[in-house]
Amino acid sequence: MLKKLKDYRRIVVKIGSALLVDRATGLKREWLESLGQDIAALQHAGVEVLVVSSGAIALGRTVLGLPKKALKLEESQAAAAAGQIALAKAYADVLGGHGIKSGQILVTLSDTEERRRYLNARATIETLLKLKAVPIINENDTVATTEIRYGDNDRLAARVATMMGADLLILLSDIDGLYTAPPHKNPDAQFLPFVETITPQIEAMAGAAASELSRGGMKTKLDAGKIANAAGTAMIITSGTRFGPLSAIDRGERATLFEAAHAPVNAWKTWISGNLEPAGRLTVDAGAVKALKSGKSLLPAGVKEVDGDFERGDTVAVMNEDGREIARGLIAYDAADARKVAGHKSDEISAILGYDARAAMIHRNDLVVRAASDAKAA
């Protein structure tokens, strides 16, 4: 059952190209302003909102006057370069009218899959959210190759949602949800307001993209749903063609909810604790053990020994002085730097390493403390 959007903690909103850009006139300014009002209302209600926005290529086509025919790869990348500037300015103007700051982040799918870049991207987005700014995230179509041809912003939005621990992903599109068959082809198609699990039968209901401006169809949205739901993020597919597309969901306008079976934090920590083989070990003192059990991050001062050859973002096991594993997490340093700062206070790290580094060796959001029974068995 759909909750009110204000009852969610962190929402990622993905916006399709056809919603933002009219082929003849360019940016749909009035629609974007209505979206800005919705985002402002959610932020004022205490909800963190992130936007994954398509539209750079579509907008860049109009800016550069490119022909309506299919674009070559280099033409698409040129259109993206021009469109990203126009798109970022439009979001800044619209949100700025409500006293809200925004920041543009250009990523590719590999940025959410390669662990070191993943940590950097997540830290940047987290900082924007702490500063009450709305991250405007777009696929970096000026340099992407495979992604630019297949249109992965739905999947990218799902990866951003899982990376940031969002509890809801909203895909705004030119269709109002999932039907048993593509409704533009089959007038007898039945609407599905709720999907518990994305099965092969559900996937068979997907069709191709109906709009020429959109690169993704229902199939990519269902792929996004599988990514999101598996990580504990619920997903909504709904039409964004209405003014105030987010408030329309709360008004009861048609939408399909794909419910997640568990909470995002639990899913993320399950992945850390169970699906990754530790690349190294950190032995910590009794004070660090106590801090970790109380929910704190692991600071370098409590680390007594570093074993293994690992890179930043790898999984490491945290051991007590008796050699028992008490926690596991993603480390913010490579092995060489971890050895240099082990045992030192956080305010000494920059001087030791010669660059500004993170205060925590493992942030509490990336750390799973094992239950006492598990630790004894380790």
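Any Cβ shown, glycine's included, is placed from N, Cα and C.
Between the candidates Lys14, Lys28, Lys304, Lys340, Swiss-Prot assigns the ATP site shared with Ser173, Asp174 to Lys14. When the Cα atoms are compared, Lys14 (ATP binding site) and Ser54 (substrate binding site) turn out to be 8 Å apart.
Considering only the residues assigned to ATP binding, Lys14, Ser173, Asp174, the longest pairwise Cα distance works out to 12 Å. Ser173 (ATP binding site) sits 12 Å from Asn153 (substrate binding site), taking the CA atoms of both as reference points.
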